[in-house]
């Protein structure tokens, strides 16, 4: 029985491993990234531009062509199969004819970036039938900064096909992913507001200390008069020490000590001075 159960456990594990392998091959567990885009010319600068668009990876963006009389739907995906079409970055779907046309492929990518925008270019699309000298289609996606939206809606700009060459489809997309990082700087207004908050907190704590200490001294301790002030002895001593420190630091010349400070009586001094004067008188 033990041998039989162990065989069943091994076979079960083998089935699980085979299932995971199939999912990995089919792409269910594949991790999408901007590195799936193949640049026409290897450029570290263009690769950095693509990395700014990392939050858009793995998402299908759909747009309707409302400007023309033709009924077209466009699907865009960053570095992924748009609408499930292999290697297609942008596709055009004709609703009437139920036909899908590849506009551009992410395996032929160019990326140009500015401070708050990125221009993504997919080339090597299907050839025109009767326009643009039957050249290959090309898609340009203009991705602009908009801090109010994480990812906006794809919009159809225009289709330039009334030329002999260099025709293109233009799309627009707003996102906060391409916005420049704002450096944190404390303005005058923020400094003032911060100072006001600190003062309010300080005064609140002081009020709690005074009121709470007064009630404790009066009700619990049973103090009367100025002794109701919380920590009265400490604050009196603290005031004397502060006055002595200020006197020591701020005075520029040495102050003569009074006889009382030295602990000598003034009467004795007067008597001693009179005796010294008597010795000076002529006999």
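Quick reminder: no glycine exception, Cβ is built from N, Cα and C everywhere.
Predicted, not measured: the structure shown is a model, and the values here were computed from it.
Per TrEMBL, the feature domain 'MRH' maps to 35-181.
Per TrEMBL, the feature region 'Disordered' maps to 255-283.
What TrEMBL lists as transmembrane segment is 12-31 (among others).
If you look up TrEMBL, you'll see 191-216 (among others) marked as transmembrane segment. Residues 228-231 of the same chain, all 6+ positions outside the transmembrane segment (191-216), place their C-beta atoms under 8 angstroms from a C-beta of that stretch.
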Using DSSP, tally how many residues of the domain 'MRH' (35-181) sit in helix, strand and coil.
19 helix, 67 strand, 61 coil
